[in-house]
Amino acid sequence: MSAEYTCRSTNPWADSSTIYAGLVVNAVLDLDILHEKQKELISLWPILGGTVVQSTKPWSFTCGSNVDFESRTLDETVSTHFPNNWGNMTGPSASTTLDPAIVDAKFLFAIKPAPSTIFRIRVTVLRDATLVCFGITHQVTGAGGCFEVVSAFCDLLANRAIPHFALPPDARGLKLSDHITGGDDNVTSDELGDFEPPEKNWNIGVVKAATMMWRVLIAQFWKTLGLREKLTEKYIHLPGDWVDEVRNQAQKELSSLPESSDVELTRNDIISAWYLKTIHGPSSSSGCDTTPVDFYVAINYKGLLNPNTTGGCSEKGPSAEQQQTQYLHHSVAIFRCMFSAYQLQNDSISSIAWRIRRATLHYKQPSSIKKYVRFVEKNNSNLLVVDIRASNPFSMVGLSSWTTYNYMALDFSGAIGDRKAPQDGVRVTFVNPLALSPISGLTLYTLKDGKGGYVIRTANTKTQWKQLEKSSSMENLFPVL
């Protein structure tokens, strides 16, 4: 299958990005089995064996049988690089021993600066564990599709059947905007002016995009000179009980307000609101800091697509075989929730979480998704860069939530071969999310720790890290308690 395919509903912003899921598995796995199962997966889903064609706009891809697999063996233990240092903390705590840059280097090796293969696996075998890293071109799929690929890989390890392969609908000539289920009449009112059409969230064309990228380079230059604080990445652990306590208290506050009494906050809303509020700290003066803060949220809309798009189904609906058909697609819409520094400094965490929930509900509506997909279809040959209102582009925060992807439940026992499995089973003990993109250091990754809590990966300045450490007590979050 050497033909070139183009997804006309994928935002070209994803073209030059790669998404990686690095997994720590608590057993020594058999390299030959892992390699053979990658070959089998590619033979069944040939899009994973294809290459990226960068000469087209937007980028195209081919299907094929390329197997990009590299491995190495290190005479080290897993505790050397992944110490369990969360302890019994009752509130958020930043790791002092896990450095994301060092962790990335343990997963990512033998990777070209601009790899042409769509799918790659890197395996590092330790004395008592295995690091397995799955990488996929972001233009082909998002975080949800990445989890689908890893899940299918584990199904093959267990000798379970996986769905049949199909090309993405928009690579087969369909306009996804015409196949999103739901009407256009359920539109949330916008008294607060929170919601913007997609074209307001993006810099379109070479001139505007280049101007935005120039601002990023200038900001990076000031950091290099020491005129602005540098960003440092860390992992943060949030105990599940603490998240629930904050959520319950915030929900109690909202229930007393008529305009928000029917809104049910999610744990992700609370985590995002807490993060935004704490990194901006308390108000340093009596003045109004109007510095804009853009919070971008990525929404997976694949569930809104009509099932009939999965392979030319009849009007009677998909057949049993077509219901078992799988396609990979970057079905991600990106929307902005707008704040000011003053709001984040002075509004309650419940108010901030409410605004995030309200915006998310609005942007998840089929009408909003349709507008976004139509915008992408219209501009898929243009250069797009997210809009950042502040003069410092590193003030923007983009949320990449992995909390719905249960990597901890994946079973790698089919890859241990003749070795003895650990008493507690062959399981994933740590997940390292990463999307290598043109602008790094702006993403807030959230995922579950497998024990009821949450892990955040993000970058902050030294001042922001200090503020985060000081602002996590219930007394500071809810002063009236």
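Using N, Cα and C of the backbone, Cβ positions are placed for all residues, glycine too.
As recorded in Swiss-Prot, the features of this protein are as follows:
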ACT_SITE  H164  active site, proton acceptor
ACT_SITE  D411  active site, proton acceptor
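Between the C-alpha atoms of D411 (active site, proton acceptor) and H164 (active site, proton acceptor), the distance comes to 21 Å.
In the three-state DSSP scheme, D411 (active site, proton acceptor) falls into the coil class. H164 (active site, proton acceptor) falls within a strand segment according to DSSP.
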